[in-house]
Amino acid sequence: MTFFRSVYRLFATMSKPQVVFVLGGPGAGKGTQCSNIVSKFGFVHLSAGDLLRAERSKPDSMFGELIDSHIKNGTIVPVEITCKLIQNAMEASAASRFLIDGFPRNKDNMIGWDTTIGDQVDLLFVLFLECSENVCIERCMKRGAAGSGRADDNLESLKKRIVTFVNDSMPIIEYFKEKNLVKRVEAGKNAEDVWSDIIELFKNI
């Protein structure tokens, strides 16, 4: 129950935070566009993947080996770990508006979020960066060749990640579509054109 008590303490001391989920396949440009949104609109960017990779790199982490195995195999880390890392990052921030990038990635993530934090935040919408498989693979391979240092920027891991995204994450996007909460952006274009489309979505919130 420690996790639930810490979540309660977090939200008992602040107004209801606003959240935008940012979803898209590997290489869709989530990190690039989140950085733009942070700079222009003042959101705090919380990347589920970055939080997991940072936790994996800690020598004393009890979750490091498990996280590493999931990342290399393109599978999804247990929701309890991801929610805990997101909650810790929100608690450490004085901000009230958050971009949560790469989460929720499957039904289990969604249930975990709803159970622990969901009713304590104001979900503005889901930003869906839609990008073809070929473009995603090309971008990630270039990123890996340029020295990204990411263990999953290789063809074998990428194909697994894309299968996981299609099978597990797309149903989540469809779920939010039914609630009229999805704002779709064509992310296969150049970054500047994608950013122009995103500005139109954020400028009135």
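Cβ atoms here come from the backbone N, Cα and C positions, even for glycine.
TrEMBL: automatically predicted annotations, no manual curation.
The number of other CB atoms found within 10 A of the CB of LYS30 (ATP binding site), across every protein chain shown, is 23. Per TrEMBL, the feature ATP binding site maps to GLY27, ALA28, GLY29, LYS30, GLY31, THR32, ARG143, LYS189.
Mean pLDDT for the region 'NMPbind' (47-77) in this predicted model: 87. Positions annotated as region 'NMPbind' by TrEMBL: 47-77.
The ribonucleoside 5'-phosphate binding site annotation in TrEMBL covers ARG53, THR75, ILE76, VAL77, GLY102, PHE103, PRO104, ARG105, ARG150, ARG161. On its own chain, GLY102 (ribonucleoside 5'-phosphate binding site) has VAL22, LEU23, LYS30, SER47, ALA48, GLY49 as residues at least 6 apart in sequence with a Cβ closer than 8 Å to its own Cβ.
The annotation CMP binding site is assigned in TrEMBL to ASN109.
Looking at THR32, ASN109, the binding-site residues in this record, the fewest other C-beta atoms within 10 angstroms of the C-beta turn up around THR32. A simple way to gauge crowding: the CB of GLY29 (ATP binding site) has 25 other CB atoms within 10 angstroms, across all the protein chains here. ALA28 (ATP binding site) has a Cβ environment of 26 other Cβ atoms inside 10 Å. If you check the binding-site residues GLY27, ILE76, LYS189 against ASN109 (CMP binding site), the ones with a Cα inside 10 Å of its Cα are ILE76. Among the binding-site residues listed (GLY27, ARG143, LYS189), ARG143 has its Cα nearest to the Cα of ARG150 (ribonucleoside 5'-phosphate binding site).
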